[in-house]
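In what follows, a structure is listed as structure tokens, so that the remarks can point back to it.
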Amino acid sequence: MEIDKQRPASLLRRLGAALYDGLLVLAIWFIATLVALPFAGEEAFEPENPMLLAYLILVTGLFFIWFWQRSGQTLGMRAWRLRLVNGQGHHPPLWRLIMRAGLMLLLLILALYGLAFLTQDFWPDWLGALMLMPLCISMAWVLVDEERRSLHDIAAGTRLIFLPKQEGSH
């Protein structure tokens, strides 16, 4: 597909794919935790265990990088007909995929901690809101960028495109 015929992905499609992939990641976390349980001794993991958190972040990053490296699409992106490409409209190199996954996960971790802080009386609400802002700004950037790129796409030199329906598909 020529670059001038590639349509940028809308924010709604991005959010739809993110919801699908989020559900898949939750299922993968359950499996990954089951795999790791024998290494935890006879005790279950505590949710705030830093080793468990690092392990789940690594598993999540590998999920995205593996799918992007194979086809430029996660399962959620495939359902919403999105593909990750580089600035020239081609398959991005591995280092760009790693950079995008790292930035995306950093934004997501900050946002999740921000949500947790907003639900706790121990932390001030402004701190939780401040931690949510980077992800919100990155996603809102899609609405103002000419190519509908998020800030983590701009930093990684990638973009999401919308794939037209193929002839004969329903």
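A Cβ is built for glycine as well, from the same backbone N, Cα and C atoms used for every other residue.
Predicted automatically and left uncurated, TrEMBL annotations should be read as such.
Under the heading domain 'RDD', TrEMBL lists 9-157.
Tertiary proximity for the transmembrane segment (20-40) is limited to same-chain residues at least six positions away from its ends with a CB under 8 Å from its CB atoms, namely 52, 55-56, 59-60, 63-64, 74-77, 79-80. As annotated by TrEMBL, transmembrane segment applies to 20-40 (among others).
The transmembrane segment annotation in TrEMBL covers 52-68 (among others).
Annotation comment: TrEMBL describes 97-120 (among others) as transmembrane segment.
Beyond the ends of the transmembrane segment (126-144), by six or more residues, the same chain brings 10-11, 14-15, 107-108, 110-111, 113-118, 150-152, 154 to within a C-beta distance below 8 angstroms of the stretch. The transmembrane segment feature in TrEMBL is assigned to 126-144 (among others).
Here the transmembrane segment (97-120) has Cβ contacts under 8 Å with residues 57, 60-61, 64-65, 68-69, 84, 127-132, 134-136, 138, 152-153, 155-158 of the same chain, all six or more residues outside its ends. The helix, strand and coil residue counts that DSSP assigns across the domain 'RDD' (9-157) are 109 helix, 5 strand, 35 coil.
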